Amino acid sequence: MEFTDRNYTLVTEFILLGFPTRPELQIVLFLMFLTLYAIILIGNIGLMLLIRIDPHLQTPMYFFLSNLSFVDLCYFSDIVPKMLVNFLSENKSISYYGCALQFYFFCTFADTESFILAAMAYDRYVAICNPLLYTVVMSRGICMRLIVLSYLGGNMSSLVHTSFAFILKYCDKNVINHFFCDLPPLLKLSCTDTTINEWLLSTYGSSVEIICFIIIIISYFFILLSVLKIRSFSGRKKTFSTCASHLTSVTIYQGTLLFIYSRPSYLYSPNTDKIISVFYTIFIPVLNPLIYSLRNKDVKDAAEKVLRSKVDSS
């Protein structure tokens, strides 16, 4: 703690409460999340390498998917390693600046993922509804601009929230009832007025998710109309199945983010938030490679080709 000339001390570190359970359950949670971390590392790195080396996957859809895998990897790695350490350690502290950095990167990658998901939905809309214009509308230059704007948008949003959150004073209370440095539980510890922060969170923060979600819903609405016009039942079923799985993943991700960050502060419930946060910080990065790649014939064919070449060379 850092002492001031008033009757309080400023916080120099925070304690991440995490999931308070018996020690034997902490070991079980450690092993479970370690397994999920390994799955995400293998799945996302493998997918990025596959897209990189296979010439048949050099298309806008897989370009966006590669960036989504990268963001998922960074997003997950910002939170889970510290959480794994805390499962095995009695010291669950994180420095003031460490907390600021963790929240900054979390917010950056969370919003960047929302922008990329919106870009992917638009890409699918153009591919299915305007296939003759696809190569023109989704040229390499436009795809690069969309990705750069996604990262810039995520970074700008994160800078706003992080700056306003860490100019606040945190006095005496330093236990964050969460498994990472998230904004709602952090604001509860501040000894200064958080009205502006809560307004930013419920308006500016949620508007990013709402705008991206609207783009996704509109894109898939027009995709659905096009799918219904397909005469072949098998073709209609295949396209609808792929779109439905994508939309399910997006709805879970965007829905949980909107629930956490757009509701009034008086509805805040730390234990509920922790459970919901597990979905968008951990399970969605695990599910994305399964939803976007393992059900995709091109990716499976590319993976089989790489495996066959490895077997033949050995």
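Cβ coordinates are placed from backbone N, Cα and C, and glycine is handled just like the others.
According to Swiss-Prot, of the candidate residues N7, N91, the site noted as N-linked glycosylation site is N7. Both K173 and R263 are recorded in Swiss-Prot on the same side of the membrane.
At the 8 Å Cβ cutoff, the transmembrane segment (57-77) and the transmembrane segment (142-162) share at least 3 close pairs (sequence separation 6 or more) and count as touching. Secondary structure of the topological domain 'Extracellular' (78-101) per DSSP, as helix, strand and coil residue counts: 17 helix, 3 strand, 4 coil.
Counting residues 6+ beyond its ends, the transmembrane segment (274-294) has Cβ neighbours under 8 Å at 19, 33, 36, 39-40, 43-44, 47, 65, 68-69, 72-73, 75-76, 79-80, 106, 110, 177-180, 182, 245-246, 248-249, 252-253, 256-257, 259-260, 300 in the same chain.
Comparing Cβ neighbour counts within 10 Å across the disulfide-bonded residues C99, C191, the minimum falls on C191. Only pairs six or more apart in sequence are counted, and the transmembrane segment (102-122) with the transmembrane segment (28-48) gives fewer than three Cβ pairs under 8 Å, not enough to call it a contact.
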